[in-house]
Ligand code: UDP
């Protein structure tokens, strides 16, 4: 299986709930390794740029307000099938539809305040990684 890297963001609602460690623990138990991380207060421009693909959607302004409402924790996760594995750990976008035991089922309150972001493809993972991290901030692990 391919070793991939993906972007995960713990959103302001989950940071405020103080569950960063619990979420990291799920990544580690699933065999994903953190190879870069930073806590960041996103600016309006940061959030608008990151979610530019959604700018015509009715929820865009609310999404930008939410994502700038407090700090986020951004990490690059590495491991076998990291993109899909992280999406499985996250659960469905709407927490009421998320499988039991997923991050969103356990920590999210609504479809808009839904605890975590995860890249949805390897291509987007690369774009999102470059959006938040310089190459030298990525720290490959010994195996
Ligand atoms: N979102 C929202 N309302 C919606 C759909 C999405 O506020 O009706 C927000 C939500 O925070 C979601 C993000 O927009 O995580 C991106 O939506 P997407 O469909 O890409 O879901 P994801 O990939 O995050 O599961």
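The first residue you see is number 1, and the count goes up from there.
Cβ atoms are placed via backbone N, Cα and C, with glycine included.
Keep in mind that TrEMBL annotations are predicted by a computer and have not been checked by a curator.
Taken from TrEMBL, the feature domain 'Nucleoside diphosphate kinase-like' applies to 3-140. When pLDDT is averaged over the domain 'Nucleoside diphosphate kinase-like' (3-140), the result is 98.
There are 12 other CB atoms within 10 A of the CB of residue 59 (ATP binding site), with all protein chains counted. In the three-state DSSP scheme, residue 59 (ATP binding site) falls into the coil class. Among the features that TrEMBL reports, ATP binding site is placed at 11, 59, 87, 93, 104, 114.
Within the same chain, the residues at least 6 positions away from residue 117 (active site, pros-phosphohistidine intermediate) whose Cβ sits under 8 Å from its Cβ are 7, 8, 9, 11, listed in sequence order. The active site, pros-phosphohistidine intermediate annotation in TrEMBL covers 117.
Fewest other C-beta atoms within 10 Å: among the binding-site residues 93, 114, that description fits 93.
Following the DSSP three-state reduction, the secondary structure of residue 114 (ATP binding site) is coil. Among the binding-site residues listed (11, 59, 87, 93, 104), 59, 93 have a CB atom closer than 6 Å to some atom of ligand 1, in sequence order.
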